[in-house]
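S.K.: Before I ask anything, here is the structure I am working with.
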Amino acid sequence: MRLGFVGTGNITEAIVTGLCTSSTPPGEIWVSPRNREKADSLASNYRGVVNVANANQTVLDNCDVVFLAILPQHKEEILPSLVFREDHIVVHLLAGTTIPEMVPLVKPAWRIVRAVPLPCTAIHVGPIAVFPDHEVVSSLFDPLGTVIAVDEEAKLETLAIITALLAPYYAMVETVVNWGEKQGIDRKDAASYTASMFGALSVIAQSRADGDLATLKKECMTPGGLNALAMEIIDSKGGFENIIPALEAVKEKVS
């Protein structure tokens with residue numbers, strides 16, 4: 001199956017890297033020339049698989065599945081000039097843009113799947129939200145992480161909002177690492193230990209099929225213990241409720 005990418009930014013780079021380094025790499029990928037440096041880098045890294053098109057239309061002419069990875073504010077500028085085929089499967093990655101909004105921009109193509117991949121798809125980990133579920137699209141994403149197919153587009157939009165916490169998460173980890181370094185720990189060791197600890201906690205949380213994270217929190221807090229003390233201090237300073245206004249602000253921005 002031939003894949004094409006209109007838009008060659010960070011997410012395209014991550015998806016293509018993940019696909020090409022998976023156990024079942026695609027036979028042919030076409031990327032648009034808009035970001036020439038990234039496009040040429042991908043073609044150089046994955047010779048014989050990744051091809052740099054001379055125009056966006058060339059991408060569409062040479063693919064069966066087309067990933068739209070352009071900035072949402074550019075969709076009216078770029079998409080109307082492209083000629084889609086009825087047999088195209090369109091994977092749309094544009095933030096804040098619903099499938100009904102995309103329909104007139106990609107017709108006569110009618111199979112449209114909206115997806116929210118993350119940069120970590122490059123190393124085959126992390127969630128990939130999709131709507132609606134589609135066998136071909138899910139099979140492409142399966143090697144790149146955990147595919148979460150939702151039954152309503154509104155649910156996908158909520159999951160997409162949560163991705164705005166990538167930078168805050170790294171900021172939290174950085175804060176811990178900075179503190180460790182000030183205590184005399186080598187920065188690399190502090191970063192490795194902290195990231196590994198949070199990674200392990202995420203694996204445990206993901207294993208809870210019922211989503212009961214409150215129980216996990218309680219299990220970590222021995223009365224009078226260190227975790228209980230840390231939780232008490234954090235709660236007294238406003239706790240993690242400060243995350244909610246951030247999520248609401250992102251929701252308003254993409255609505």
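One-based numbering along the chain as shown.
The backbone N, Cα and C atoms fix where each Cβ goes, glycine too.
Any TrEMBL annotation is an automated prediction that lacks curation.
Just lifted these from TrEMBL, have a look:
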- ASN56: NADPH binding site (BINDING)
- ALA69, ILE70, LEU71, PRO72: NADP(+) binding site (BINDING)
- 2-96: domain 'Pyrroline-5-carboxylate reductase catalytic N-terminal' (DOMAIN)
- 161-253: domain 'Pyrroline-5-carboxylate reductase dimerisation' (DOMAIN)
S.K.: I want to verify one value. Collapsing DSSP to three states, which class is LEU71 (NADP(+) binding site)?
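M.R.: DSSP assigns LEU71 (NADP(+) binding site) to coil.
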S.K.: Could you break down the residues of the domain 'Pyrroline-5-carboxylate reductase catalytic N-terminal' (2-96) into DSSP helix, strand and coil, giving a count for each?
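M.R.: In the domain 'Pyrroline-5-carboxylate reductase catalytic N-terminal' (2-96), the DSSP-based counts are 37 helix, 20 strand, 38 coil.
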S.K.: Other residues with Cβ within 8 Å of the Cβ centroid of ALA69, ILE70, LEU71, PRO72 at the NADP(+) site?
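M.R.: So the extra residues in range turn out to be GLY7, GLY9, LEU68, GLN73, HIS74, LYS75, LEU93, LEU94, ALA95.
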S.K.: How does the model score the domain 'Pyrroline-5-carboxylate reductase catalytic N-terminal' (2-96) in terms of mean pLDDT?
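M.R.: Looking only at the domain 'Pyrroline-5-carboxylate reductase catalytic N-terminal' (2-96), pLDDT averages out to 96.
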S.K.: Expressed to the nearest Å, what is the distance separating the residue listed as 'NADPH binding site' and PRO72 (NADP(+) binding site) at their Cα atoms?
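M.R.: The Cα atom of the residue listed as 'NADPH binding site' is 16 Å away from the Cα atom of PRO72 (NADP(+) binding site).
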S.K.: Relative to the Cβ of PRO72 (NADP(+) binding site), which residues of the same chain, six or more apart in sequence, are found under 8 Å away?
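M.R.: Spatial neighbours, sequence-distant, of PRO72 (NADP(+) binding site): LEU94, ALA95, GLY96, THR97.
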S.K.: Test of understanding: give the count of other CB atoms lying within 10 angstroms of the CB of LEU71 (NADP(+) binding site).
M.R.: 12
S.K.: Give the residue counts of the domain 'Pyrroline-5-carboxylate reductase dimerisation' (161-253) per reduced DSSP state, in the order helix, strand, coil.
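M.R.: Helix/strand/coil tally for the domain 'Pyrroline-5-carboxylate reductase dimerisation' (161-253): 77 helix, 0 strand, 16 coil.
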